[in-house]
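Engineer: Take this structure, written in structure tokens, and hold onto it; I'll ask about it next.
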Amino acid sequence: MDTTLSITNGSRFQVSEFVLMGFPGIHSWQHWLSLPLALLYLSALGANLLILITIHHESTLHEPMYYLLGILAVVDIGLATTIMPKILAIFWFNAKTISLTECFAQLYAINCFMGMESGIFLCMAVDRYVAICYPLQYSSIVTETFVIKVTLSMMLRNGLLTIPVPVLAAQRHYCSRNEIDHCLCSNLGVTSLACDDITINRFYHLALAWFVVGSDMGLVFASYMLIIRSVLRLNSAEATSKALSTCSSHLTLILFFYTAVIVVSVTHLAGRQFPIIPVLLNVLHSVIPPALNPMVYALRTQELRVGFQRLIGLGEKMPRK
């Protein structure tokens, strides 16, 4: 395949674009995966837009818990949209080339949205912790101002800490090779093409993952340990069941999200023999949670389910609380 090169410093070559090859080992028939991926993407867009419209339309859902769910829906839309249009363009139109600037921008957006999703899950865990462990103080602690502050904090944290990822990648020298055996611009996939030392890139990528996702995961599970301890102290079985039901949907989502993060990380380290596995899981991890999150909340949250029914005209006669 022809590589587009530009001469730098008179004698050195620098690639001017990358080529996203898609899924390694199945290039000849990978286009058949476009249909399920397109359906997942459309489901993610439709379901999250429905969440946002329902929360906006239903006054009974104007509460901090549902505001956080709405923010999660925005992040999910952003994450899926960052990668899926390019992947579908590769499969349908063979549009494999991507400029260095576009690639580094996608690299930044993917890492930023992933960190945001992890951060929002932490905020939702704090919300459930206060609701169950300090119910009398809940309305004074978790307010609209609280939601605004934690959202801005997550945006600043992930927005600023992610900047070095594309900056460090852009500082590397890319010569002779420009084919990325992936559907998207992953950090290690891009920097592995560099001709110079990428130790600092690997170190910062690992440090960022542990500091952002690792700390969020630890705090989320710590909060749920405190929630479970508080629930087990309740004398009433009915009160225990009610307390657990208020956070069951959120717990389901965070277990799926962080389990997927761990699985993707492990398979990436052990993916030399079957490189398609970490690549496929990486793509699915960016589109399945956005499609799954609204469905879990719709099935397990009565207020949201009633809001859906009113919105589409199936529950017009249902009384508003």
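Positions of Cβ are set from backbone N, Cα and C atoms, glycine also.
Per TrEMBL, the features are:
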type     : residues : note
DOMAIN   : 47-297   : domain 'G-protein coupled receptors family 1 profile'
TRANSMEM : 32-55    : transmembrane segment
TRANSMEM : 67-93    : transmembrane segment
TRANSMEM : 105-126  : transmembrane segment
TRANSMEM : 207-228  : transmembrane segment
TRANSMEM : 249-270  : transmembrane segment
Engineer: Residues sitting near the transmembrane segment (207-228): Cβ under 8 Å, six or more positions beyond its termini, same chain?
Structural biologist: 111, 114-115, 118-119, 121-122, 125-126, 128-129, 132-133, 157-158, 161-162, 164-165, 243, 247, 251, 254, 258, 261, 265
Engineer: Counting only residues 6 or more past its boundaries, what in the same chain has a CB within less than 8 Å of a CB in the transmembrane segment (67-93)?
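Structural biologist: For the transmembrane segment (67-93), the far contacts come to 20, 22, 30-31, 33-34, 37-38, 41, 44-45, 48-49, 51-52, 55-56, 106, 109-110, 113-114, 116-117, 120-121, 123-124, 127, 144, 147, 151, 183-184, 283, 286-287, 289-291, 293-294, 297, 304.
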Engineer: Which value does the mean pLDDT take for the domain 'G-protein coupled receptors family 1 profile' (47-297) in this predicted structure?
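Structural biologist: Its mean pLDDT is 89.
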Engineer: Is the transmembrane segment (105-126) packed against any residues at least 6 beyond its ends, judged by a Cβ distance under 8 Å, and which are they?
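Structural biologist: Residues packing against the transmembrane segment (105-126) from afar: 65, 68-69, 71-72, 75-76, 78-79, 82-83, 86, 98, 142, 147, 150-151, 153-155, 157-159, 161-163, 165-166, 169, 184-187, 190, 208, 212-213, 216-217, 219-220, 223-224, 250, 253-254, 257, 286, 289.
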